[in-house]
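A.B. asks: One structure, pasted below without further comment.
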Amino acid sequence: LKQVFNKDKTFRPKRKFEPGTQRFELHKRAQASLNSGLDLKVAVQLPSGEDQNDWVAVHVVDFFNRINLIYGTICEFCTERTCPVMSGGPKYEYRWQDDMKYKKPTALPAPQYMNLLMDWIEVQINNETIFPTSVGKCKEETL
């Protein structure tokens with residue numbers, strides 16, 4: 001388990017919402033509805049009077065946190081030797097392109113691809129113009 005929480009691995013700590021903020025309250029409401037065994041369609045419905053972009057942002061961050069936890073538990077089993085290609089089964093290969101270091105789609109070992117992907121997602125989530133921390137400031141076109 002110590003390996004999962006190694007800072008040099010791809011595991012990242014959960015992004016938290018500040019207690020007392022409306023996003024924190026939305027997060028608590030989302031967690032309660034998802035943990036209550038309700039119909040999933042009902043659980044993800046926008047609560048009355050809440051901003052849709054804030055609601056979506058809360059769920060995007062929660063999803064990222066859950067993926068981080070899942071990946072953190074399996075990353076030690078997928079090395080550059082055991083997973084030399086990032087693929088979605090035998091028919092699909094994922095290639096990385098970021099227009100900075102990788103200007104063309106580039107085949108990478110799965111762990112390297114995942115590190116780049118998780119770093120990229122974290123930058124997006126921490127970008128105040130895409131995911132502002134002030135409630136009601138999300139721009140529809142950015143989500």
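Positions of Cβ are set from backbone N, Cα and C atoms, glycine also.
Copied straight from TrEMBL:
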| type | residues | note |
| --- | --- | --- |
| BINDING | Cys78, Cys83 | Zn(2+) binding site |
A.B. asks: Identify, in sequence order, the residues in the chain of Cys78 (Zn(2+) binding site) that are 6 or more apart from it along the sequence and have a CB within less than 8 Å of its CB; answer 'none' if there are none.
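C.D. replies: Once residues fewer than 6 apart are set aside, Cys78 (Zn(2+) binding site) is near Ala110, Pro111, Met114.
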A.B. asks: Under 8 Å Cβ to Cβ from Cys83 (Zn(2+) binding site), same chain, six or more residues apart: give me those in sequence order, or none if nothing qualifies.
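C.D. replies: Expected: Pro109, Ala110, Pro111.
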